[in-house]
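*Asks:* One structure is given below, represented as structure tokens, and several questions about it will come after.
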């Protein structure tokens, strides 16, 4: 088991530089109910250095807080929720039981117990229903905003999110990703977000990977390098040498990341059934 710290996870600024993240959305995207943000978000090297995306196992991250895709009972379920509870141990369920559940669209925090992170934030995403997209989007955005507020209030500098509601709760990944990215950007740009150094989006299924690859360039566009002065032969050579060194170091970091998971946690349907039973 490889444990990754926040510093081990490349930011999207680095992924853009390594050409491991597309710099623009697809020219002909598939249809979606998503409406592009207006005005279009401006490129920001500062924000791009504070966002990361990783396909991997969220229970192996030594960040300050991981955000669990929980059900309303907070007592564990299937998928990522079950994996987090198993890795944390029985103390986590006892702590969650004391919280008395959580409303859809909100989140609550506990200690992490057996996990390598410090805190677990339990966010209850909505069960997606056709014809009720705006309400579902508002509840999902609330999960991200509340989770980040809890993390900032606890002094967390790094936060890792699982893909909330895109599993058995049925939220289409290509509609959930822009909601998540918009909420994250708004928080990082606000006064509460000043204390957060890195937000990591942890994906598992390829549908989530593809969705974030499509929408990250829209909400966190790359910064184009511009020359402010005419380069001389010496400065041009030095820049090439520096860029080559940085790229080699960055490539080495990226290559050390663990392989993407190939198997899904068991009991994948239990959490969704429970939340539906609870009336979310």
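For all residues, glycine too, the Cβ spot is worked out from N, Cα and C.
Remember, it's a predicted structure, so these values are computed and weren't measured experimentally.
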*Asks:* What range among 25-45, 46-66 does TrEMBL describe as region 'Disordered'?
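*Replies:* It is 25-45 that TrEMBL describes as region 'Disordered'.
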*Asks:* Tally of helix, strand and coil residues over the compositional bias 'Pro residues' (25-42) according to DSSP?
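*Replies:* The counts are 0 helix, 0 strand, 18 coil.
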